[in-house]
Every structure is written in structure tokens, then in C-alpha cells.
Amino acid sequence: MGSDLFGSFAESSCAALVVASISSFGTSHDFTAMCFPLLISSMGIVVCLITTLFATDFYEIKEVNQIEPALKRQLIISTALMTLGILLVCFLALPSSFTIYNLGSTPKVVKWWHLFFCVAVGLWAGLIIGYTTEYFTSNAYSPVQDVADSCRTGAATNIIFGLALGYKSVIIPIFAIAVAIYVSFALAVFYGIAVAALGMLSTIATGLAIDAYGPISDNAGGIAEMAGMSHHIRERTDALDAAGNTTAAIGKGFAIGSAALVSLALFGAYVSRASLTSVDVLSAKVFIGLIVGAMLPYWFSAMTMKSVGKAALSMVEEVRRQFNTIPGLMEGINNPDYATCVKISTDASIKEMIPPGALVMVTPLVVGILFGVETLAGLLAGALVSGVQIAISASNTGGAWDNAKKYIEAGASEHARSLGPKGSDAHKAAVIGDTVGDPLKDTSGPSLNILIKLMAVESLVFAPFFAAHGGLLFKIG
């Protein structure tokens, strides 16, 4: 749960500390200023604790329809409080002005309030990405309702509408990331981008709390059902789960947005450690890296999607086998063999992760050793640019299909009821969309964040080695 968010969190802290170590903080041994990235995170924990009180103590929730607004309010409250918290940290921890050494060019003199704006722009960009994701994946708004409506004419139109929604949902988050990158880079070069990523993740505690909310209430509902408790309890847990579904999408949006900023900050740290003064896209060495890097997220997604398909196939065959061979299973007299089903999914989850994992780990090493630091810089940039787009569209397409199915099942509005109860043709089409969307939103989308970050981290670690000994093919030529 949320492991990619924690990954981004650790990596953005590392990127900020690496870039800070080659600034005047590092050279003048200013310990408080060096620890600035960690102070942002610490302030985030305090702010998120205070934010929690708004949902539990300051505002009592009496009605079902108040659950979702209360969860969404948490994000806005934590972002607003965090903005004030950052101002305080910047004012107390940073010297009035300091120098950050840019890649090969003249050192940049930065004022303390420049860094405040860097962190704040990341923080608010995160909120925009979160809310855009929520708009495109919540069944309270028109995009998902349109996808649900398209189920009237079958699964094919549902798939077409869902894919179109995913592609369209990329637009606003990318603009938000672009603005955050430009503002933070203009104010404090790569250090600015690293602390902007930390700003986006500074309210991670609130983000994770509302993200984990859905699965917890869903499992509570499952326990209530298995224990044969009254339907009132199930209705309540369903209401909590429905609110949790839309907020889970917000967490995914944060993860992808922060991964983009973190990767760029790590990219900056890599370029400075590899002693590159600039990365020239017009050079053939860089461009081949760029185009191959842009292909990697597709290769990676192909592997992860097919893995889910293969595991699902084994599972369906096993369930069919049990229905055919265990007498009295359909009538509910005998219990199914749960252990075999669990074994199939756990075995697949471990075995099937080896090839995609190897792709991520081996590619930077091969490119760095054979083609050198410039081609590797291109590779990282290409993977970042294409990976972010695929990750956002995959997550949102899957989330929209899932919530379109739930919208039809719930039958909360006149429009939803017109699409029919469970088992209607429209519902069957929605189930197909949901099934296709699961590997997109739960496997390929979130794991792409790890692809772009891990390649950048690995390249950063090996940068001095590649700079000294890499590029063997070009040396031979």
C-alpha cells in the first residue's frame, strides 16, 4: 500500500541532499540548511496530524453524503496549513542568501524565499494533479458517467470511451508538472526541482490515510458479509468504500506527479555527478538514448500486463477444474481448495516480476558501459517523458472503468438506474471494461513510477564509473 509514494519520498529527499551537498550549504558545512529537505518532511508530519483533527474532532460527520467531501477537505486543509509551515521552516532554517552550483555554468545566488516558492509550487501542483485525477475517475462527475453511458451499446464502445478519457486526463497534470518544473528551476535550478518534489509529497501522511481508507472499509464490509451481520452494516461499509474509491485515485495522481519531479531532480544530480556541462539533443549519441528511453515504458508495460493475463488465465482454469472435480461445490456443501488459488497468485507475483525488474536494473548498466554517460542521459530523459504520460493515462483509464461499473451497480441516480441492474447488458459491458482496466490501474500504471525513478537512482550511483570507463563502443569506433 503506497510503497511507490514512500519510494518517491525517500528518493526526493536523497536528490535534494545530493544537490545540496554541492551547494554553498555543503562547502560551508551549514548543517541546519543542509537538513532543509528533512525539515520539510518533519513539518509535513506535524501538519498532517493537525489536519486529522478536522475530520475527527472539529467537524462531526452525521450523513453518508458527508463522507467524501470530508476526505477531500483533508487534502485542501493539509495543503493550506503546509504552505504556512513551509514559510516558517524556510525563514528559520535557511540563510538569507546562498549559492547553488548549476551544471557547468555560473553559480546561482538564491534567496530563502525563492526556496519557499519552489516547495509551495510543488505542493499546489500536487493538489491540482490529485483533483484532476479525481474528476476523471469519480462517478460523481460527467467523464465517468459518459463511460458508463457508453456501455449501453456494448463493451467495445466502453473500451473506446475509457481509453479516450485516459488520454484526455493527461493534459492538466502535465501542465501542472511543467509549471512546477519551470518555476522551481528558474528560482533554484535542480535543487528547486528536488524540493518541489518534496513539497508535493510533504502531505503524504494525509494522502496515504485517504488512500488506504477504501481498502480498509472494503475489507470491513467483506468481514461483515462473511459473519452474516445485518444489511445495515454492509450499507455503511459500502458507503465508506464508495468514498474511498475516488480518494484512492488521488493518491495515484500524487505518486505519478511526484515521480516525474523526483526523476528530474535525480537526473540533475546524475548529470552533475557525470561531469556533463549540457545534454545536447541534436547529438546522435543523446538522441538514440532519448528514443530508446521513450520505448522502455511500453516494453515494461507489455511485460507487466501479460503477467497479469497469464496469472488470471491459470486462476480461471484452476477455478473451473475445482467446479468440475469437487462434488457439491456449486450447492455450497463442500468448501473449495483455497490454498491452490492463493499459491497461483503468490507464485505468479514473484516469478513474473523477474523480467520487468531485470529490464529496469540492467538497461542503465548496459547503456552506461557500452554507450557512455551522454546516451544514458538521453535514455533517462526519454523514459521520464514517455513514462509519466503512460502512467497517468493507464491509472485513470482503469479507475474510470472500475467506477463506471460501480456507478451502474449502485443505481444511485435516474441515469444509473436506466442502465439496468446487475446482470443487464450494460452492466456486463462495464464488467469487461473493469476487468481490462484492473491490470492498467493496479499494475502497469503504478509500477511505471518505479521504472523512471529506479533507473535514475541507479544511473546516479554509477555516474562516476560510467564517466571514467563507459562508452566502450564509441571508444572502439
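Along the chain as shown, the residues are counted starting at 1.
Each residue, glycine too, has its Cβ placed from N, Cα and C.
For 31-54 (among others), the entry in TrEMBL reads transmembrane segment.
Nonlocal intrachain contacts for the transmembrane segment (75-100), taken as residues 6+ away from its ends with a CB within less than 8 angstroms of a stretch CB, comprise 19, 23-25, 30, 32-33, 35-36, 39-40, 43-44, 46-48, 50-51, 54, 107-113, 115-116, 119-120, 123-124, 126-127, 130-131, 188-189, 191, 199, 202-203, 206-207, 210, 250. Residues annotated as transmembrane segment in TrEMBL: 75-100 (among others).
Annotated transmembrane segment per TrEMBL: 112-131 (among others), in sequence order.
According to TrEMBL, the transmembrane segment annotation covers 159-183 (among others).
Feature annotation from TrEMBL assigns transmembrane segment to 189-210 (among others). For the transmembrane segment (189-210), the residues of the chain that approach it from at least six positions outside its boundaries are 1-2, 5-6, 8-9, 12-13, 15-16, 19-20, 23, 36-37, 40-41, 43-45, 47-49, 51-52, 71, 74-75, 78-79, 82, 86, 100, 102-103, 108, 110, 114-115, 118-123, 125-126, 130, 180-181, 183, 244, 247-248, 250-251, 254, 257-258, 261-262, 264-265, 268-269, 272, judged by C-beta separation under 8 angstroms.
Here TrEMBL flags 253-270 (among others) as transmembrane segment.
Look at TrEMBL and you will find 282-300 (among others) tagged as transmembrane segment. Counting only same-chain residues 6+ beyond the ends of the transmembrane segment (282-300), those with a CB under 8 A from a CB of the stretch are 356, 359-360, 363, 367, 371-372, 374-387, 390-391, 444, 447-448, 451-452, 455, 474.
Residues or ranges marked as transmembrane segment by TrEMBL: 359-392 (among others). For the transmembrane segment (359-392), the residues of the chain that approach it from at least six positions outside its boundaries are 133, 166, 169-170, 173-174, 177, 253, 256, 259-260, 263-264, 267, 270-271, 274, 276, 279-281, 283, 285-301, 303, 444-446, 448-452, 454-456, 458-459, 462-463, 465-467, 469-474, judged by C-beta separation under 8 angstroms.
Here the listed stretches are 31-54, 112-131, 253-270, and the one with the most C-beta pairs under 8 angstroms to the transmembrane segment (159-183) is 112-131.
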